[in-house]
């Protein structure tokens, strides 16, 4: 099991940064492709990334979605004595949930399940929990317990414990989700775990940051309490939030070879570690401009021509953030290479892992800003 570690400046113990290693595991899509089940799975559980950001579900329900390409997860522990779980750290939601021993769904069989009876610090909340997916749902109940994340023990943290889960979750590498968005998004008025870290004075600065490795399984890290200069180069560009619910910012435009291909006149985007791709209402314009061809909804490119693909540039707050072909193309010779741009309904854009792998992402609750710097 990967262990969290603490980095402290020489000047004072209060300057500690708390690091939690993230693992880049096999995605659900890769797992299904390996088993020859992807084409069967895909129409049965269609990818509906925008369901997560449906305002109609923002009150009383934490809206989630089926993302078969999520790769990054880390270890947390819950209870006394601790029970360990692998979770997706999701800046696009605010609740923490994991499977429970009361879940008999097929999706729970191959994941770690929390046993409240084995924790001396667990308290039942008495309220039900329902999380809606693009296809299916998770239902369960809420409770309180000690949750340890990146070496930080958060007491009386509210957690969701699943009793039923949508079938597609059986292919997910992680057991559950840990949300890092704003409290107003949380189901049942639950206090998100980072807010409890702040109120319990566990972090020196009210911020956390993500480094997502591009290639290796190891090396990705989530840092609580500040930034780690080992993971970025150059200066940090600070972008004010346009809405404090998700980590939402304004994008001025998207260009390819200097030509505006999307977001002309500005658009709203959410920086989301819980979405693997870049999603937007005009992503097909980007795919067409970089020379990708539509293959049943996947935009494919020649795996041998990735180095010749044009850059895609996001213009944000007067600065440019460029993604090369090697950054936005994924896949392999065996299963084909496809772009990381997916057309989404509505007006919102989602800057997921395809974007964050290129830019070290800092989430500041103190300033209500997102910081971006070139990832090392």
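Yeah, the Cβs are placed from backbone N, Cα and C, and that goes for glycine too.
Annotations in TrEMBL come from automatic prediction, not curation.
Listed features, source TrEMBL:
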ACT_SITE  90  active site
ACT_SITE  272  active site
DISULFID  103-108  disulfide bond
DISULFID  263-267  disulfide bond
DISULFID  303-337  disulfide bond
DOMAIN    72-373  domain 'Peptidase A1'
SIGNAL    1-16  signal peptide
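Feature annotations (TrEMBL) mapped to structure.
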residue	record	Cβ within 10 Å
90	active site	24
103	disulfide bond	22
108	disulfide bond	23
263	disulfide bond	24
267	disulfide bond	18
272	active site	30
303	disulfide bond	15
337	disulfide bond	21
The recorded positions listed are 90, 103, 108, 303; by CA-CA distance, the one closest to residue 263 (disulfide bond) is 90
Measuring Cα to Cα, how far is residue 103 (disulfide bond) from residue 337 (disulfide bond) in Å?
37
With residue 108 (disulfide bond) as reference and a Cα-Cα limit of 10 Å, the qualifying recorded positions from 90, 267, 272, 303, 337 are none
Measuring CA to CA, name the entry from the recorded positions 90, 267, 272 that ends up nearest residue 337 (disulfide bond).
272
Distance from residue 303 (disulfide bond) back to residue 272 (active site), taken between C-alpha atoms, in Å:
27
